[in-house]
Amino acid sequence: HCLYHGYVEGYKKSLVALNLCGGYSFIFSKSGLIHFNNISLSIEPLNHTPSSGQHIIERLDKLEPLVEMCSAIKIDEIIQKTKTVKGGRVKRNVLTETKFIELLLIADNSEFQSIGSIAAIHSRFSTFTNIVDLLFRPLNFRVVLSHVEIWNQQNLINVVASNEMTLNSLRTYRDTQLAVGLANNVWKLTDTAMLITHSRGLTGIGIAFVSGMCRSTSVTLTHDFRNSTALVAMVMAHELGHNLGMEHDTDSCACSQPSCIMDTFANGSGTDWTNCSRQQLDAFLQFHDPGCLLNVPNPSNIFTTPVCGNGLVEAGEQCDCGFPGSCNTLCCNAATCMLWPSAQCNKGLCCYNNCTFVHSGTICRNSSHADCDLPEYCSGISNQCPGDFFRKDSLPCNNGTGVCVSGLCLDRSTQCQEYWGPSSRNGASICYLVNTQGERYAHC
């Protein structure tokens with residue numbers, strides 16, 4: 001046990017994420033985030049020398065203010081009219097299922113030169129992911145570090161002053177890696193790739209494609225610009241938020257703290273998501289294909305050392321319900337992370353509360369559209385609902401007015417209604433000519 005989530009006793013809504021993998025006594029390294037009473041603290045080894053046993057604790061909101069948080073590339077126009085959307089096309093339990101982001105982190109050559117060793121990068125990236133996972137848990141997400149790639153000889157893409165050019169190079173590099181036909185291709189086992197760089201030539205501190213997750217645009221970039229792992233991890237969470245459809249917060253957005261994760265400017269104290277971010281995430285899950293987030297990570301594909309009690313089923317574990325004091329299931333032995341002898345499963349869409357598998361043939365995920373999507377059924381031998389299945393893309397649907405795309409029936413009037421309400425419809429052909437004059441919405 002060395003990667004911990006916890007809280008500060010006596011403080012409601014407090015958060016703690018600590019990496020104690022160097023050891024437990026005060027002669028070893030500790031790093032992470034402590035948040036309580038709207039104050040965020042970072043703990044780090046002093047001068048990055050773990051062997052000294054000395055640490056520094058800083059208030060993140062007292063550090064030098066940052067400039068604009070990041071750049072965000074919009075790959076679609078997502079019109080924020082979620083209140084007028086009627087009957088989302090997503091399968092209903094996608095919003096309530098736990099989602100998993102299997103993360104691939106890349107250390108470019110500047111990051112390697114700055115940190116100094118492969119082992120130190122592994123430790124720093126584990127701390128990053130532990131904090132990001134903590135921040136995403138209230139959204140019913142878990143963030144898992146699946147692979148680390150280190151460019152210790154030279155950069156494998158052009159890391160240039162333009163964040164946008166660098167991000168597009170990373171996108172091309174990821175596409176190339178995914179095309180490699182190896183059975184154990186680690187890139188195919190991950191949902192998104194993030195480049196961590198220490199390059200001083202870059203402007204800003206991060207960039208991402210908005211709504212890029214589960215697409216070829218599922219890449220982000222974060223600048224490791226500070227000694228504080230906590231502050232950099234908050235930027236990472238911000239960039240992943242963009243990838244999940246979240247925009248920068250505006251004055252009309254609010255969270256439980258003075259500063260929030262998707263603020264345009266980072267003062268280091270925000271650990272909560274606004275109402276806007278939550279609505280935008282729901283819209284992403286409803287109107288995009290979030291299938292890559294639904295599979296439970298294979299325990300053998302988790303990079304970090306297994307920890308019984310962190311809520312993730314990792315190598316050598318049959319279940320993980322948290323630490324003994326917080327475990328609320330009769331199926332799993334919290335002390336060993338093994339099922340009790342009488343239990344077949346612990347939790348999942350295909351696991352009954354009495355710890356037995358749901359009967360074969362029982363629907364675990366309904367069809368979202370009769371013409372394009374297919375329901376999924378429990379197998380009777382697994383606690384997990386199978387991956388999302390749907391009809392072949394380009395087949396006609398909705399009486400021939402639309403086409404199937406990733407299980408969704410897309411037609412122009414339906415898309416107009418999703419953005420503008422039930423009275424909206426596809427415009428006449430002549431209306432589309434108005435778009436060529438600079439108006440983006442004349443088609444509805």
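The backbone N, Cα and C atoms fix where each Cβ goes, glycine too.
Whatever TrEMBL says is automated annotation, not expert-curated.
Between Cys255 and the candidates Cys253, Cys260, TrEMBL records the disulphide bond with Cys260. In terms of DSSP helix, strand and coil, the domain 'Disintegrin' (305-393) has 0 helix, 13 strand, 76 coil. The domain 'Peptidase M12B' (99-297) scores a mean pLDDT of 91 in the predicted structure. Using a 10 Å Cβ-Cβ cutoff, Cys255 (disulfide bond) registers 20 neighbours. In sequence order, Cys70, Ala72, Ala208, Phe209, Val210, Gly212, Thr220 make up the list of same-chain residues 6 or more apart from His242 (Zn(2+) binding site) whose Cβ falls under 8 Å from its Cβ.
Residue pair Cys255 (disulfide bond) / Glu239 (active site) shows a Cα separation of 18 Å. Counting only same-chain residues six or more apart in sequence, the Cβ atoms lying under 8 angstroms from the Cβ of Glu239 (active site) belong to Cys70, Met194, Gly206, Ile207, Ala208, Thr220, Leu221, Thr222.
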